[in-house]
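Working notes for the structure below.
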C-alpha cells in the first residue's frame, strides 16, 4: 500500500501559539491558581488531556459565559477560538487574571466586525452553529450580527440596512463559504464581502483537494469537535472525489476502510498533535491486508510528547 502524506497538514501557528501560551502559564508560579482554560484550548482531546497532566483544568459547557460562572478564583485562559467582549468583561468583574490565547486571524476578524458595526453596518457571519468561534464573533453584537450556516439560513434573513457586510468563521470550507457568499450577494447586491478563511485552513484544504485525488481513501486525523478536521474530510469527498474517514487516532481506523486500497492519503487537522498523525502514518505504512499481525492499532504516544516544547529561563 502506498501512503500519500498530504502536505501541508497538521498544526497551524495559531494552535501552536495558543498551546505555548498555556504551557508558559503552567510554568509561571506567579499566576494565581487554579489555572483554567475556558473551553478546549484547541479542539483536540489529546491536547486537553496533556494539559490536565500539567495541572491546567479544561472547563467545557454550552457557552463561554456559562462556563465562566463556574470559576470564582484563579487564572482563566481564553482559547484560540476567541471570546465575546461580554466574557472578557465578566472575567474582569469576577477579579480573575485572564490570558488571551485567541488566534491572531480570529482577532483580525473581530476587529473588522467592530469597525463595520461602528460604521453602521449589519453583519452576516457564516459559521458553524454551536462552535465557539462564531459564538465569540456574534457575541460582539448579537442584535446586528446574523449567523448563517447554510443557503437556507440566508433565505430566511430579513435585514433592512443599506450597509451590510458578510464575513466568516476562519475554519470553514472555502467552497461552502463561496457558495453562501454568492447567495448573500444575490439577495443583497449591495453587500460588502470579506472572506476570512485563514491561510493555514485554505492551504490545507487545497492540498487535500489536489493530492487526495489519486487516493482510494483519505484518513483525516482530527478530533470529532475540530471543525477544520471535519471540513478536510468534506473537501476530500466533495472536491477530490475520494471517500474520507476522520479518526481521533490510530485506534479508530477500521480495517475494512483500507484492506482493498492501493493508495491511502493522510492529512491532519490544524489542532492534531504531530506524534498522533505520525502513529497513523506508521501503521498504514506497515499494514498488509494479508497479514493480520500488521492489523494491531494501538496508541502509544505518551501525553508528555503531545504538547510543543517551551523554552524555560535558565537560572543565572
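Yeah, the Cβs are placed from backbone N, Cα and C, and that goes for glycine too.
These come from Swiss-Prot:
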type     : residues                        : note
ACT_SITE : 133                             : active site, proton donor
BINDING  : 12, 103, 198                    : [4Fe-4S] cluster binding site
BINDING  : 43, 81, 131, 226, 228, 271      : dimethylallyl diphosphate binding site
BINDING  : 43, 81, 131, 170, 226, 228, 271 : (2E)-4-hydroxy-3-methylbut-2-enyl diphosphate binding site
BINDING  : 43, 81, 131, 226, 228, 271      : isopentenyl diphosphate binding site
Three-state secondary structure, which DSSP defines for residue 103 ([4Fe-4S] cluster binding site)
coil
Given the (2E)-4-hydroxy-3-methylbut-2-enyl diphosphate site residues 43, 81, 131, 170, 226, 228, 271, which other residues of that chain have a Cβ within 8 Å of the mean position of their Cβ atoms, reported in sequence order?
42, 80, 133, 171, 225, 227, 229, 269, 270
Within 10 Å of residue 12 ([4Fe-4S] cluster binding site) (Cα basis), scanning binding-site residues 131, 170, 226, 228, I find none
Taking only the binding-site residues 43, 81, 170, 228, 271, which one has a CA atom nearest to the CA atom of the residue listed as 'active site, proton donor'?
81
CA pair residue 226 (dimethylallyl diphosphate binding site) / residue 170 ((2E)-4-hydroxy-3-methylbut-2-enyl diphosphate binding site), Å rounded to integer, equals 12
[4Fe-4S] cluster site shell beyond 12, 103, 198, criterion: Cβ within 8 Å of Cβ centroid
13, 14, 15, 80, 104, 105, 106, 170, 171, 199, 200, 201, 270
Going along the chain, which residues six or more apart from residue 198 ([4Fe-4S] cluster binding site) have their CB under 8 A from its CB?
12, 14, 103, 105, 170, 171
Under a criterion of Cβ-Cβ distance under 8 Å and sequence separation of at least 6, what residues of the same chain contact residue 81 (dimethylallyl diphosphate binding site)?
39, 102, 103, 106, 131, 132, 133, 135, 136
For residue 228 (dimethylallyl diphosphate binding site), name the DSSP secondary structure in the helix/strand/coil scheme.
helix
For residue 12 ([4Fe-4S] cluster binding site), list the number of other Cβ atoms lying within 10 Å of its Cβ atom.
24
Which of the three DSSP states, helix, strand or coil, fits residue 43 (dimethylallyl diphosphate binding site)?
coil
For residue 228 (dimethylallyl diphosphate binding site), which residues in the same chain are close in space, meaning a Cβ under 8 Å from its Cβ, but six or more apart along the sequence?
171, 201, 204, 222, 269, 270, 271
Does DSSP put residue 81 (dimethylallyl diphosphate binding site) in a helix, in a strand, or in coil?
coil
